[in-house]
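One structure is given here, and the rest of the page talks about it.
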């Protein structure tokens, strides 16, 4: 099974998927037409519960020209040890396909995943030729073992970001609005609950909820721009996570028909690039 399918013309894809004359089909076609003003092609993302991670990371790596500063920091790979020394409950982190593993070993595994993320990002960002870069991304996303290890790293970075935001709020520092919403849920009133009830389930029994898309954006320091096709004709058609992004954050673009599954638009039309 391909994680990221080959390119297909956006309007051709739309005609294939949305033939009927229902209101929904008409709205979807209008949405795809709007996306086609900016992008020529679409690539389908494999539809498991990792698709938001897969789409975001694939887009980020495809256009990476340098290693983000947070990936360069000395203590980046020390995160699991540092967090564990403060928060004993992280021992209950669920590793992919390895439920019930003790966190002593998990700490080393997550460290490996973080190192893999840094290595892959560095290698791909150093490739100058666009075709070669694309080939390197395609190859990475065909390697299931590595791919899922990278998602584990992303989940851990989200936990780290959530802990920071939670502590900032408790200490009276300013936090983004989504952070209040994240911790206002009955199921995630603190980072420990967020881990148990949400992060541990991502990829297994659920995907990312909207408020977690904000958390992912903050963890990566990327703006995630999403064409939400079923919202065509409203001001939520193009949604930004976060909605007040930092100026210097790079932008990746995704497409969704329902806020559950994400695909990616590729090949910006010439006029858009100018």
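Numbering starts at 1 and runs along the chain as displayed.
Yeah, the Cβs are placed from backbone N, Cα and C, and that goes for glycine too.
Unlike curated records, TrEMBL annotations are generated automatically.
Copied over from TrEMBL, here are the features:
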- 48: active site (ACT_SITE)
- 51: active site, nucleophile (ACT_SITE)
- 236: site 'Linear diubiquitin binding' (SITE)
- 261: active site (ACT_SITE)
Distant-in-sequence Cβ neighbours of residue 236 (site 'Linear diubiquitin binding'), under 8 Å, six or more positions away: 228
Site with most surrounding Cβ atoms, counting all protein chains shown within 10 Å, from the active-site residues 48, 51, 261: 51
Euclidean distance between Cα atoms of residue 261 (active site) and residue 48 (active site), Å: 8
Inter-residue C-alpha distance, the residue listed as 'active site, nucleophile' and residue 261 (active site) (nearest angstrom): 6
